[in-house]
């Protein structure tokens, strides 16, 4: 029975799942991507890289509740954007959401974590050289003038692409294509890292990076499983398809690494994981399991080719520094996933997801050919391509304008070459990620004893100190 805190229109199970799914998506970012970014870069940029993710997540939520949520899902202002307004009043937040059997507060939180992870993904293209103050300006500007327009157009029931019939189950276009295109566009304007960083791009802790990637993987159950906005069969199907596709993509990527490069790598496994997750996202709950396998094969091979082969052949791509390969893992893969959705989408599943009686509106091309609805299938594929082109072109333009505006206020990158060599942790934050570390310079290995403020050079150990001193020094280093 309903009461003031649990009205009759609210489904407690759906509400609990949406809150849980949103929390899982949040954990993909905090701590997932924070750990992944901080571990994949060199130690001199570890704090800065993790900090960029933490700041973006925080800033997005302030803007989201203040004006951006209602620009994305509110009352139509123009055909591609909602009216900006606050989402902080209890009367608004405790009322029934525009979709789903739960309060608007749950929807604001759920959609907020998606907006936040999009900005963090863009940051992956800018690690190792961006001015943190420029990043502080970029995040709210891009959220306001880019993300809200794409989200409203594709996800809001009032959006023009939503009305047209585009299929984007959980954000392949809104999040991943947007982030990938915006990331490489911003990377062009910010410029590359130092030559030393680009040539010797070694992770400071690959095992910890794998842990961060694991959080991203498991958190994707909330990412795709929360898209139906209910605890139902489509949520179950979406979660299973997500993990099947991701696993297939990892295996495919590692096989290609083994055959063509000679060695399977953990970096390759992480990239294959991400491409599998991204590719299935626009289709997770509207395709069958065999389609998830096929999408995993495509997501483990096509981005592998563009990253490992094509990227090296195209001079334009070589000039743009994208440390986390966001362009390949999110833009290329997101576009691939959107097109494959137009091929594999099952009309019945789409009808259940979108709640429409018209079977012809959401028909994958292969099902259209099978059922004598070739025109409907071709139309759907055309809509997918139209939406993709819109997202790509719009993000190139909007991100360029935003970068130029930010550049007119503060430098986009760390402008001191010496600071680039020292690293962002010291130059921008005055902190170090690791108090005790090893530095390889001119083939000499130095161990710093922080407690005693002494430096022991292994090259001179045998000739400069006796056996007792060696034992003492070694015990001091171990204690620290």
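If you go along the chain as it appears here, the first residue is 1 and each next one adds 1.
Every residue gets a Cβ built from N, Cα and C, even glycine.
Unlike curated records, TrEMBL annotations are generated automatically.
Record note: among 71-94, 167-190, 167-190 is the stretch given as transmembrane segment by TrEMBL.
Among the ranges 331-354, 355-378, the one that TrEMBL lists as transmembrane segment is 331-354. Of the given residue ranges 267-284, 411-428, TrEMBL assigns the label transmembrane segment to 267-284. Touching of the transmembrane segment (229-255) and the transmembrane segment (98-122) is concluded from the presence of at least three CB pairs under 8 A, sequence neighbours closer than 6 excluded. Tertiary proximity for the transmembrane segment (134-155) is limited to same-chain residues at least six positions away from its ends with a CB under 8 Å from its CB atoms, namely 52, 55-56, 59-60, 62-64, 67-68, 71-73, 80-82, 111, 115, 118-119, 122-123, 126, 161-162, 166, 168, 173-174, 178, 182, 186, 190, 387, 390-391, 394-395, 398-399, 401-403, 405-407, 409-413. Put simply, of 16-38, 50-69, 267-284, 290-310, 387-406, the stretch with the most CB pairs closer than 8 A to the transmembrane segment (167-190) is 387-406. Same-chain residues lying 6+ beyond the ends of the transmembrane segment (267-284) with a Cβ under 8 Å from its Cβ atoms: 36, 167-173, 175-176, 203, 206, 209-210, 213, 216-217, 220, 223-224, 227, 237-239, 241-242, 245-254, 257, 261, 291-292, 295-296, 298-300, 303-304, 307, 325, 328-330, 333-334, 336-338, 340-341, 344-345.
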